Structure formats: structure tokens, C-alpha cells
Amino acid sequence: MSLLEAVILGLVQGITEFLPISSSAHLILVQALFGMTFAGFSFEILLHLASVLAVILYYRHDLIEIIRGFFAYFTKRTPQNKAMFWFAIYLVVATGITGVAGILFEDYISETFKAPIFIALALAVTGLFLIIIERFVRHGNRTEKEMTIWDSIIVGLGQCLALIPGLSRSGTTLIVGMFAGLTKETAVRFSFLLSIPVILGSSVLAIDDLISGDLLASTGLFELAASFVVTFIASWLGIVFFLNLVRKSKLVYFAVYCFIVAILVFIFQDALGHADI
């Protein structure tokens, strides 16, 4: 893998990871269109770790508040501590549901639905639901203090759908969270914080390669460092950009983008179908 390829893949991963446009679909498409290949599954995981580091630093104050409230609730049961305690529990529940689904079905789903036509359909469905949730569904008014265990179960199940290439993890969790009656801000916050344990959990699968040095030997230290830094910066900017558009009720922009990409994938599906994706 060249330095340019490492930077491009890092840029694509970072920009698309937290936008409701499916990072996995874009990585597959970029590799197929330009003849690029990942240096193994562990390289993809390394890029995800750079993205999750951006989330951790961006939401560091929220994480500290949740952790403090969780443990403080055992000795001081204030309404705020209670809210943070249960918010942490909801994150664990949603993560557990996704983890079980990933272990049982990820290999089958990723292999079955990796064809370009499925990616196009998934992107189109994402765009459709983004329009529905933005224009035709009354936005909820429940914050994290009014969340229930059922919200975490629903969001966790929604996140399982993101195992399908073309369905965005951030998009599905945001959509189902808002359908469940959460405020847009609460749904987005829960979605971003939920990405931390999910991505860290999936990283365990590649820990042997990361520790053994196989990835370093096959890719190169400079290329790995460059892709990691680029992914981190792009992820941070992606978070800021997404939150800004969410506050301005501009999810329809992402819907239009999903439709455009879906059409392009459909048009060029024969060329993509012959690529090793």
C-alpha cells in the first residue's frame, strides 16, 4: 500500500464514519473503483480506532459526566446521578445486542450483501428514511432522563442493521432513536457514545495482528501513521459537520447524497461487480 492510498483510505474512513452515509460502503466502493486494497482486516480496524479516538476526545466531558454519575449513584442517588447511571446501562444493553448479532451474523451478512446492487439499495433506503424522519415524523421530546430500557433495545436492534454494507451505523441509530421518540440531540449523542464500545469491541478481533507486527510489516510505519492521523482529523471534522447540520435540520442533504451514490453504484454495478470487494 502506497502513502497516497493510505491517506485516501484514511480520509474516506474519517469523513464517512460518523455521517449517515455508510463508511463501509464508501470504503468498498473506493477500493473497487480505484483498485485499492486494505492491508488486511487489521488495517481497517486501525482506522476505526482513529475514528473512535476522535469521538472519545470530542465527548470527553460527557464521558466523564456519565462515569462519575454512574459510580456516584451508588452512594448519592440524585436525579442527575440516576440519569447518568441508567444512560450507561442503556449503552451497555445496546452494545450487547449489537455484539451478539455481530458474532452470529456478521460474516454471513457481509458476504451475502456485499454485491453492489445491495449497497445501492441500502443507500437508497437510508436516504428515504432520512427524509421521512426529517420531514414527516414529529420529533420526539424525550431526553436521556426520560429514556427507557426499550429505547436502548430498539437502538441496539437498529444498529444491527448496519452490519449490512450501505446501511450507516450512525444513520440507523439516529433514525430508530428519533422514531422511538427521543429528541434529535439525545439520539445523536447516544449514537456517538454508542460507537465507542462497539468499535473498541470489534477491535479485539484484530488485536493479534496489531500486537504481532504483521500489519506494520505489510504496510509500513509511515503509511500507518499517516492514515491514522488523517482518519482522526477527518473524523473530528466529520463529527463537527454532522452535528452542525443536525442542529439546523439538514438531514435531507445526506438523503440526497445517498440517492446520488446509490444511482452511481447502480449504473456502474457491472464494473464494481468484477472488482474484488
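Keep in mind that glycine also has a Cβ here, set from the backbone N, Cα and C atoms.
Residues or ranges marked as transmembrane segment in Swiss-Prot: 1-21 (among others). Counting only same-chain residues 6+ beyond the ends of the transmembrane segment (1-21), those with a CB under 8 A from a CB of the stretch are 27, 30-31, 34, 36-39, 43-44, 47-48, 50-51, 54-55, 123, 126, 130, 168, 170-171, 174-175, 192, 195, 219-220, 222-224, 226-239, 241-242, 251, 254, 257-258, 261.
According to Swiss-Prot, the transmembrane segment annotation covers 39-58 (among others).
The annotation transmembrane segment is assigned in Swiss-Prot to 85-105 (among others).
Under the heading transmembrane segment, Swiss-Prot lists 113-133 (among others). Distant neighbours of the transmembrane segment (113-133): 20-22, 25, 28-29, 32, 164-168, 171-172, 174-175, 178-179, 251-252, 254-259, 261-263, 265-266, 268-269, 272-273, 277; these residues of the same chain sit at least 6 beyond its ends, with a Cβ under 8 Å from one of its Cβ atoms.
Annotated transmembrane segment per Swiss-Prot: 147-167 (among others), in sequence order, evidence recorded as sequence analysis. Long-range Cβ contacts of the transmembrane segment (147-167) within its own chain (Cβ-Cβ under 8 Å, at least 6 residues beyond either end) map to 22, 24-25, 28, 86-87, 89-91, 93-98, 101-102, 105-106, 109-110, 113-114, 118-123, 125-126, 173, 175-177, 179-182, 186-187, 190-191, 194, 198.
The feature transmembrane segment is assigned by Swiss-Prot to 191-211 (among others), with sequence analysis given as support.
Summarising the annotation, Swiss-Prot assigns transmembrane segment to 226-246 (among others).
Residues or ranges marked as transmembrane segment by Swiss-Prot on the basis of sequence analysis: 251-271 (among others). Counting residues 6+ beyond its ends, the transmembrane segment (251-271) has Cβ neighbours under 8 Å at 19-21, 25-26, 29, 32-33, 115-117, 119-121, 123-124, 126-128, 130-131, 133-135, 171, 245 in the same chain.
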